[in-house]
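Trainee: Structure in structure tokens, see below.
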Ligand code: C5P
């Protein structure tokens, strides 16, 4: 654990302010000196006496109190770390603009300490282009953004915007204190604030009420990607087609069945995403006709011809769209045994699809599907190998995510 340091906790006016009490308490119990700076709005959600009792220090709000001791800069100058939790959309906007119209704004501007913020707001506000741009600005300045999580919001609705759990925020902040250089690459949370859409599983294309054309994808690799991305702090939407394994906790699950359903779900989610990873095995063709009643053997005879029509190529469509997510990753499962020939197929595919990265793996009767491990190379859009991995699907997932982290903060966003 780090030695006792001075942590300023900024509390702003959202319903999650009550959870700030647990954050303050955890820092105090870890032996740190904690000073709470609350906005007026925050004190409508949580009482000043509570924050004072838990922090064991006076709580400051007013810019015009303590003027003689130049409090508006003194608190910021004394801080080793500033944590704003919850951070409302309004506070995020003010921070991005560098506004200092209250004590918290002054404190942050007057400080050179690392800044951690934990956004909390409704999904619509989090997805609003203004908030997206403000979060991007803060991230580019090195602010560590923890969450938001996906889950039950204040009302009946569920979505991205819920403040990350206090334990996660505290762990992220303390990791930063222990390693001052970790401002950008906060251990374990290097995808914090990123919105990632992952498709997983295999689509099913119905022929009649009881039969479908499907494939052997179990969804394990996509689920491992979702699990790893969520663990690294991303907001994850998992578009799931017939998974054979349970989805991870903490992701926004969107179940689908056919390629067209998968397309609709991925495109809707991609509109506000930074990253899309197409790990699903999408049927290239669907039956031209979906029969209302079960097809009878006697009507078909000894051979049965089936007309198929082409499904849209969802990955290629996303890559062509304007605007489009900053990073688009495709998968290519090839049965070609020769590694050089397989690589060449991958190179052609990345060029054809127009995606930023392509994860190439070999599949066969006993390889790739329903197994616990995988063996991949990641190609960039020029066809160069940028990473390779072999091991559990979770470790492979982390190697793929490393490439996305190294691709850096997106320099454009669908909402830009
Ligand atoms: O062309 P192929 O099916 O090999 O490409 C595989 C990649 O393209 C995967 O990322 C898959 O999710 C995606 N794909 C798609 N739409 C299709 C077929 C595949 O997005 N109709």
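Note that Cβ sites are derived from N, Cα and C of the backbone, with glycine treated the same way.
Pasting the relevant annotations from TrEMBL:
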BINDING   284, 294, 312, 313, 314, 315, 331, 349, 353  CTP binding site
DOMAIN    6-175  domain 'Flavoprotein'
DOMAIN    191-406  domain 'DNA/pantothenate metabolism flavoprotein C-terminal'
REGION    1-195  region 'Phosphopantothenoylcysteine decarboxylase'
REGION    196-416  region 'Phosphopantothenate--cysteine ligase'
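Burial and contacts for the listed features, if you can.
Mentor: The secondary structure of residue 331 (CTP binding site), as reduced to three states from DSSP, is extended strand. For residue 331 (CTP binding site), applying a Cβ distance below 8 Å and a minimum sequence separation of six or more within one chain yields 221, 278, 279, 358, 359, 360, 361.
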Trainee: Cβ distance under 8 Å to residue 314 (CTP binding site), same chain, sequence separation 6 or more: which residues?
Mentor: 199, 259, 262, 263, 266, 267, 278, 282
Trainee: Which value in Å gives the longest Cα to Cα span across the CTP site residues 284, 294, 312, 313, 314, 315, 331, 349, 353 as recorded?
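Mentor: Comparing all Cα pairs, the maximum is 37 Å.
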Trainee: On the three-state reduction of DSSP, what should I expect for residue 353 (CTP binding site)?
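Mentor: Note: residue 353 (CTP binding site) is helical by DSSP.
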Trainee: Report the member of 284, 312, 353 (the binding-site residues) whose C-beta atom has the most other C-beta atoms within 10 angstroms.
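Mentor: Result for the most crowded candidate: 353.
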